[in-house]
Each structure stands twice: as structure tokens, then as C-alpha cells.
Amino acid sequence: MGLQGLCRLMSRFNSYKRTNIILQHLKMSNHTDAAAEVLLERKGCAGVITLNRPRFLNTLTLGMIRQIYAQLKKWEQDPKTFLIIIKGAGEKAFCAGGDIRALSEARNTNQKMLQDLFREEYILNNAIDSCQKPYIALIHGITMGGGVGVSVHGQFRVATEKSVFAMPETAIGLFPDVGGGYFLPRLQGKLGYFLALTGFRLKGRDVYTAGIATHFVDFEKLGMLEEDLLALKSPSKENIADVLETYHAKSKTDQDKPFILEEHMDKINSWFSANTVEQIVDNLQQDGSSFALEQLKVIKKMSPTSLKITLRQLMEGSSKTLPEVLIMEYRLSQACMKGHDFHEGVRAVLIDKDQSPKWKPADLKEVTDEDLNDYFKSLGSNDLKF
């Protein structure tokens, strides 16, 4: 996206950084090289997955998802594979999400692709969660959307000072999927609700402090960490954890820096404890602090339908298993593909680039409980199955 497009987006969001992170999440390619877009290699004691589209921030395609799932299952059964490592090529991104533009373009030409991508991606997310081998995600750089899905459900997630986490889907008429309804409400207090509704980004050690990552390692030591993991001889889960803990303990970058949201957490927990988006908005308005008004401004730019879907998704997901959440999210994904706001969000940000989505409905009060029920209803025989 050119400078002019960036400037237009800056006027729609309250900070360049938040705008840039959403743009990075949404930038997609119009072509892929299926043979090279993901590398699957046996190295030492490990199976290594490299998301290999650095020019496009390692965004996921359906072909990549299929290759990763098939190899994951093979390595899980291979007695010579003791752990699985997933990482992104290049230094900018682990994985900035899924092929959003391709999804929108498939609306009128390839309905099966809309079903297949979400179904197979969610099945992969669940397979990572249930993987019998230690699964280590090196989430250096941008990690959003689909990138979160192929990392956060793994046993170990290693952040660096360059890690950037965000779930900005409400800005384009979607919801934080790939199991967001499971892991977000399980973060401390109401942090996950805040992240889901605002698209707020976490960077560096904050990704670890928030609980997205299990370990923090200085970027300059990340290559050595990988080498030491690969050199292990028939390691147990405990051996792997010991190596990660050793590197974590030696990593001092921003060690004494407070969590970016630390001073606001009590208020976040209060504001986002409300059972409706309308009440959350009222809470922010009544507070009136600069931080509250900043978040209010962001929320008012989001799709009203997406906001309501997301709040209900997290509330229901807080008491569901991951497979149950993914079944729910598959229903939501298919409803969003048939709805207005996702395609309008893609149009405004990626196609016409006017950065002025016209949401329908345009106001929270116009999104009724009946509307929401339609998004969450069962698909019958078409429901996601594992």
C-alpha cells in the first residue's frame, strides 16, 4: 500500500502504529508459489515448519494449511521426531494472518473455497492443540490472525523484542477467530475482551507478560536457541522446557519495563466486564479519561455487527472446550462470508482503499439479538467436524 493509502488510514484510526498493524495483517498477495510457500524439513531431532512467504509477511494460504496439517500428522507418528518447531521466514513477520482478499474474491466464484479454508484452518488449529509432540512456535515479528492460530495453541510460544501481536478483525467486519473465543477470555482479567474489541497491539515482552507467549528470548539469541533445540538427543518435554527456560532467564531486553497496560488493567477489567457492547461504550464515555476516550474512538470505527459477535463469542467461549469454540467459530465464519460487513471492510481497505467502510447496520442498537442468533445458529450436517 502506498503512502497516500497509509495517510488515509491514519485519519481513520488514532495512531499510525495501530493503523500499520492492521494494514500488515491485511496485505495479501495475488499469487503464490505452492512449492515454496512453506518449508517442511527434518533437522536433528525436530520437524521444522518454515512459513516461507516473507514478501507477504508469511500470510497463510489454503495450500500451506493443507501441507502443514499433513506433515504435522506424519511427524506426530514418527518415533524419530521428538519436537516440532514452526517459524516465519525473514525478520518482519512470523505470520500476519490469512489470505483475506482471496476470501472476499471467492464470494461469488468459489463458495467451496470459503468453506474449505476456514474448516481446514480450524482443524489444523485443533490438531496443534492436541499434538502429542512438543510444539514450539517462534513468534518473532508480526503475529496476527491466522498466525496466532498456528502458534497460540501450541505448548510453547517464544516471543522476542520484535514480536507484535494483534487481533484486528473487527476493523474489517470479521471476528477474532482461529480459537480466539477460547484463548482470549482465558487471559488475565478482561484483557482478552479488550484486545478482541479494540484490536490493540502488544509488542515484545508484553506478548509474554499478557500470556500469549510462554517464553521471551532476545532476538539475537533466537538462532542459538533453535540450534540447541535441534541438537537435543531424544529429548523429553522436560528437556525442551529446560532449554527454553534457560534462554528465557538470560534474556534481559525490557526486563524491568512495566506491562504497557499495567496502569489501566483495573479499569479495563471494569469497563469490559459489561455484558453488552453498548454498556462497554457507556463505561468508556462515563470514565472520560484520555485512555478511555482513545479506546472509545477506536471501537466506534469498528463494524457494529463484528463487535457484538465478538463479545458474545468470547462470553460463550469462556466455558467451552477448544473444539466446541472452533465449531462455533466455523458457523460465524460462514455467516460472515454471506453477510455485508466483511466484504465491505475488504473493499474499503484493500480494493478501493478509501478507508471508509459503510457498515450495515451502522449503529450498535440496530444489531439485534435475532440478528446475532442467525450468526451463531447450527449449520446442521455442514457443521465443522474433527
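Keep in mind that glycine also has a Cβ here, set from the backbone N, Cα and C atoms.
The shown structure was predicted, so the numbers you read here are calculated from the model rather than taken from an experiment.
Of the residues Glu121, Glu161, Swiss-Prot places Glu121 in the same substrate site as Gly146, Glu169, Asp177. Counting every protein chain shown, the number of other Cβ atoms lying within 10 Å of the Cβ of Lys365 (N6-acetyllysine) is 8. Closest by Cα distance to Lys360 (N6-acetyllysine), from the binding-site residues Glu121, Gly146, Glu169, Asp177, is Glu169. Between the farthest pair of Cα atoms in the substrate binding residues (Glu121, Gly146, Glu169, Asp177), the distance is 16 Å. Of all Cβ atoms in the shown protein chains, 28 besides its own fall within 10 Å of the Cβ of Gly146 (substrate binding site). In this structure, the modified residues Lys250, Lys301, Lys360 were compared by how many other Cβ atoms lie within 10 Å of their Cβ, and the smallest count belongs to Lys250. On the backbone, the CA of Ser356 (phosphoserine) and the CA of Asp177 (substrate binding site) stand 24 Å apart.
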